[in-house]
Amino acid sequence: MNDLFILGTGGHARDVADIARALDFRPILVARDEDERSTCRKTYDVVLEAEALSWKGAQFAIGIGDNRTRAAVAKRMAGQHSFPVLIHPDTSIGLSSRKAVLDSSGTVLFPGVRVMGHCSFGAFCTLNLNTTVSHDCHIGDFANLSPGANLAGNVHIGEGVWIGMGVTVNQGSATEPRRIGAWSTIGSGAAVIRDVPPGVTQVGVPAEEKV
């Protein structure tokens with residue numbers, strides 16, 4: 001059983017730890033300091049970041065839900081450590097998408113995720129519980145699909161996009177994919193029926209920009 005150091009000690013980190021256990025890793029949470037370590041639940045092994053980073057050949061996951069923080073940590077550690085892709089056994093991935101998922105450093109797929117064919121993935125994506133990704137979609141670096149989000153075919157999710165719980169993104173096409181611009185946020189339960197520009201927050205049915 002290989003050790004997997006999970007950066008973070010909050011709820012998201014504990015969820016990632018459960019996925020790691022399902023994949024026969026021994027998860028070890030990584031705290032920033034003694035104060036953070038002292039608040040961790042006793043069911044997890046916890047070490048300080050300095051100790052984890054000193055282990056040669058160590059493998060890491062980033063157990064941080066916030067996209068910008070996850071991106072900052074990934075960029076700080078770029079090229080120094082290994083970040084395996086974590087795919088819970090209760091997922092299904094189309095054969096033409098599997099290599100793209102496996103090549104996407106640090107990406108985590110939670111239980112119930114369904115990915116169809118010819119999809120591509122950036123690094124450090126999070127696909128949370130019971131999300132569905134239809135054919136010919138692209139998920140950008142550091143994007144997060146919250147539980148129950150559903151992407152129809154030909155949807156392109158930009159870097160750092162946050163898709164809330166239960167969001168539906170309608171179909172694009174091969175020549176005009178439905179695009180959600182980088183670092184945008186789509187609020188829970190929204191229905192996206194048109195392209196979303198970068199850096200905005202949209203909510204509602206149909207999704208409209210929040211003023």
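Just so it is clear, glycine is given a Cβ too, placed from its N, Cα and C backbone atoms.
Any TrEMBL annotation is an automated prediction that lacks curation.
Going by TrEMBL, these are the annotated features:
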ACT_SITE  HIS135  active site, proton acceptor
BINDING   GLY65  substrate binding site
DOMAIN    3-76  domain 'PglD N-terminal'
SITE      ASP136  site 'Increases basicity of active site His'
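Remark: ASP136 (site 'Increases basicity of active site His') has GLY117, HIS118, CYS119, GLY153, ASN154, ALA174, PRO177 as non-local neighbours, by Cβ distance under 8 Å and separation of at least 6 in sequence.
Counting only same-chain residues at least 6 apart in sequence, those with a Cβ under 8 Å from the Cβ of the residue listed as 'active site, proton acceptor' are GLY94, MET116, GLY117, HIS118, CYS119, GLY153, ASN154. The Cβ of the residue listed as 'substrate binding site' lies under 8 Å from the Cβ of GLY10, GLY11, HIS12, THR126, ASN144, each on the same chain and at least six residues away in sequence.
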